[in-house]
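Asker: What Swiss-Prot shows for this protein is this:
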- Cys181-Cys195: disulfide bond (DISULFID)
- Asn123: N-linked glycosylation site (CARBOHYD)
- Asn194: N-linked glycosylation site (CARBOHYD)
- 344-445: region 'Interaction with SQSTM1' (REGION)
- 1-15: signal peptide (SIGNAL)
- 16-263: topological domain 'Extracellular' (TOPO_DOM)
- 285-296: topological domain 'Cytoplasmic' (TOPO_DOM)
- 318-328: topological domain 'Extracellular' (TOPO_DOM)
- 350-443: topological domain 'Cytoplasmic' (TOPO_DOM)
- 264-284: transmembrane segment (TRANSMEM)
- 297-317: transmembrane segment (TRANSMEM)
- 329-349: transmembrane segment (TRANSMEM)
- 444-464: transmembrane segment (TRANSMEM)
Amino acid sequence: MVLAFWLAFFTYTWITLMLDASAVKEPHQQCLSSPKQTRIRETRMRKDDLTKVWPLKREQLLHIEDHDFSTRPGFGGSPVPVGIDVQVESIDSISEVNMDFTMTFYLRHYWKDERLSFPSTTNKSMTFDRRLIQKIWVPDIFFVHSKRSFIHDTTVENIMLRVHPDGNVLFSLRITVSAMCFMDFSRFPLDTQNCSLELESYAYNEEDLMLYWKHGNKSLNTEEHISLSQFFIEEFSASSGLAFYSSTGWYYRLFINFVLRRHIFFFVLQTYFPAMLMVMLSWVSFWIDRRAVPARVSLGITTVLTMSTIVTGVSASMPQVSYVKAVDVYMWVSSLFVFLSVIEYAAVNYLTTVEEWKQLNRRGKISGMYNIDAVQAMAFDGCYHDGETDVDQTSFFLHSEEDSMRTKFTGSPCADSSQIKRKSLGGNVGRIILENNHVIDTYSRIVFPVVYIIFNLFYWGIYV
């Protein structure tokens, strides 16, 4: 019994001593751990804390939850100044039919909101994306007379918000806008168009928001490589003004103005040059024998139809306006010249027929030389045909009876060329050509070109 007691006592004492030794050894091992491992452990703990706390610190720095941002800065006081500057990236298109233009640019707003001020020892600004825009006040700028507009969203929405410690804010957007341009086509295609993009606050009138160009005339910047296929950009300028609405009052308005001058070379090749060619081609009929009815009529009809096609093509590419354009003046005057060349031959043909009938009546041969079939044949091809009368006995007296007797030759005007070759070439061919030319054709060869040249001088002098 005594032996069992002592055995239990020594066992308890040994276990107690072992536990005390392990408790003393563990702190010693902790103390023996390397300083490097201690620093790594502390760094990890610090990073975990920063990841959890940093977003909360930014919200606290800007005091987002402590203010009501549904109202403008300085509500109830003077209007908040909002500066604007624009960097034009490109003018994508100009549409004459729709009377609009499409422009891509960077729009930057500058204002001060003391509710967003925060303490900073380095005086560095903080940059945010679009998510903060929904929580604070921003200017409600819109584009007057715009048809379509959107903010670019590749790869993310192109919105940037930068807040400075003193509360100054920069709000930047990349936007594409299609807006109206009230064009005047009275001088088209020798025209110059003045277009403008207008910016204005939608809700805040002059008592609440003052819109101005941040850097004056230098607030509007453009890329040097901007170019258009049909226009040359002469000038970019910035201006400002006030707009009045009867129901809400006066509003500040900013203008992005640009002047477009059309490239004329394209239209010279596509419109003016073909019209000139058709007019000059119509003059060829003045040099064709007046008895060659099919040749002159077909040439006149071809030039008239071609001019009609050119006029239709020009009108199809233009808006339907109620006034006369410069290109309309040129096209219709050119069409008039082509049409008059056809009328000129109709007059020549009629007068020639009347003159020949008078000559035949004076000689008393109308009954013997011209039967019904011969008259119909002459009306068809402009040549006299008679199978019963000897052709060598036929003579035409075109100017006077005395001249006709002097220049009488064998055969009709449409006789075979071999008959003419049998005549003496000592001036007879030239005399025959002169006798076949009507006086109207002779004058038309001079009058038509001279008048058309005078018209071109006046036209280009007025419109260019």
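In case you wondered, yes, glycine gets a Cβ from its N, Cα and C as well.
I'm curious about the neighbourhood of these features; can you describe it?
Answerer: Cβ neighbour count for Cys195 (disulfide bond) (all protein chains, 10 Å cutoff from its Cβ): 20.
In the shown protein chains, 8 other C-beta atoms lie within 10 A of the C-beta of Asn123 (N-linked glycosylation site). Annotation note: Asn123 (N-linked glycosylation site) sits in a coil segment as assigned by DSSP.
Sequence-distant neighbours of Asn194 (N-linked glycosylation site) (same chain, six or more apart, CB under 8 Å from its CB) are Asn257, Phe258, Val259, Leu260, listed in sequence order.
Mean pLDDT across the topological domain 'Cytoplasmic' (285-296) comes to 89 in this model.
Away from its own ends, the transmembrane segment (329-349) comes close to residues 271-272, 275-276, 278-279, 282-283, 285-286, 290, 293, 296-297, 300-301, 303-304, 307-308, 310-311, 314, 382, 438, 440-441, 444, 448, 451-452, 455, 459 of its chain (Cβ-Cβ under 8 Å, at least six residues beyond either end).
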Asker: Can you tell me how many other Cβ atoms are located within 10 Å of the Cβ belonging to Cys181 (disulfide bond)?
Answerer: 19
Asker: Mind checking which residues reach the topological domain 'Extracellular' (318-328)? Cβ under 8 Å, same chain, six or more beyond either end.
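Answerer: Contacts with the topological domain 'Extracellular' (318-328): 96-99, 185-191, 267, 271, 459, 463.
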Asker: By DSSP, what is the split of the topological domain 'Extracellular' (318-328) into helix, strand and coil residues?
Answerer: 3 helix, 0 strand, 8 coil
Asker: DSSP says what for the topological domain 'Cytoplasmic' (285-296): how many helix, strand, coil residues?
Answerer: 7 helix, 0 strand, 5 coil
Asker: Kindly assign Asn194 (N-linked glycosylation site) to one of the three DSSP-derived states: helix, strand or coil.
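Answerer: Once the DSSP labels are grouped into three classes, Asn194 (N-linked glycosylation site) ends up as strand.
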